[in-house]
Amino acid sequence: MSSLGFSVGTCSPPSEKRKCRFLVNNSLNKAEAINLRNKQKVSSDPELSFAQLSSCGRREAIIGFGFSIGLLDNVSALAETTSCEFSVSPSGLAFCDKVVGYGPEAVKGQLIKAHYVGKLENGKVFDSSYNRGKPLTFRIGVGEVIKGWDQGILGSDGIPPMLTGGKRTLRIPPELAYGDRGAGCKGGSCLIPPASVLLFDIEYIGKA
């Protein structure tokens with residue numbers, strides 16, 4: 001299965017057979033990303049480590065969701081629908097707790113693990129950590145993920161923090177996600193179209 005460097009992604013060097021990693025935060029420039037890498041404790045898993053930014057021909061930074069051309073071959077095109085009543089914060093970020101956690105909440109700057117399924121508003125799945133068989137490991141609250149994730153997990157603007165073991169659905173407006181640029185764009189088509197509202201089912205596993 002061939003891999004694809006998306007408009008806001010990063011890849012491993014061409015000599016290494018690893019999937020492109022989807023960018024979670026598209027606001028960092030290359031210098032900032034390298035500086036963040038030097039300060040950050042990175043997982044020993046090579047797929048979650050910083051890759052050579054130039055290999056995808058992009059200047060944005062790393063650590064994020066895994067995408068490849070054949071991703072949807074192994075994941076349902078439509079998400080499983082579950083009734084969920086959303087509470088909406090002033091920022092437009094909405095949440096619904098399907099399972100309230102039992103353990104400690106995340107602390108800003110902490111390395112945590114979370115499983116997730118990402119969907120468009122029409123229910124089409126564009127990414128799933130469950131499909132890859134392992135959770136995403138990232139540092140929360142420092143810009144490694146889109147703003148909607150940081151706010152939706154840490155708690156902000158009237159949204160309570162997630163607790164370890166909790167399962168929450170986030171409905172994220174474009175301004176807290178990928179904005180008017182969209183993501184995963186190539187040849188006039190985008191996996192995440194511009195100005196998309198995104199739905200994420202997140203399972204907060206806890207501290208990494």
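Quick reminder: no glycine exception, Cβ is built from N, Cα and C everywhere.
Predicted, not measured: the structure shown is a model, and the values here were computed from it.
The C-beta environment of Cys84 (disulfide bond), restricted to residues of the same chain at least 6 apart in sequence and closer than 8 Å, consists of Cys96, Lys98, Thr169. DSSP classifies Cys84 (disulfide bond) as coil under the three-state reduction. Taken from Swiss-Prot, the feature disulfide bond applies to Cys84-Cys96 (among others), supported by experimental evidence.
The domain 'PPIase FKBP-type' annotation in Swiss-Prot covers 109-208.
Note on Cys190 (disulfide bond): other Cβ atoms within 10 Å of its Cβ, all shown chains, come to 18. Among the features that Swiss-Prot reports, disulfide bond is placed at Cys185-Cys190 (among others), with the record citing experimental evidence.
Secondary structure from DSSP puts Cys96 (disulfide bond) in a beta strand. Looking at the domain 'PPIase FKBP-type' (109-208) alone, the prediction's average pLDDT is 96.
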